[in-house]
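Heads up: the structure comes next, in structure tokens.
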Amino acid sequence: MVNMKASMFLTFAGLVLLFVVCYASESEEKEFPREMLSSIFAVDNDFKQEERDCAGYMRECKEKLCCSGYVCSSRWKWRVLPAPWRR
């Protein structure tokens, strides 16, 4: 069982190494490691959290308005989901 796990790990590591070597041979730039790391860890603007004018779930009830679907709890003083007993 252990030999099978080790051989699978080595096979996977070999495939990853083969991919990196093939990609490096096709790359014409000298700064391959930096380019590879920057492409792996690049952050797209679509994934960044955007600022909103309303406050969401479990946020403190102060000057910001509640987002649609939330109400300000009079007991706990934060935003919660509306329920029949909270209306």
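From the backbone N, Cα and C atoms, a Cβ is placed for every residue, glycine too.
What Swiss-Prot says about this protein:
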- Cys54-Cys67: disulfide bond (DISULFID)
- Cys61-Cys72: disulfide bond (DISULFID)
- 1-24: signal peptide (SIGNAL)
Disulfide-bonded residues listed as Cys61, Cys67, Cys72, least Cβ neighbours within 10 Å: Cys67
Rounded inter-Cα distance in Å - Cys67 (disulfide bond), Cys61 (disulfide bond): 11
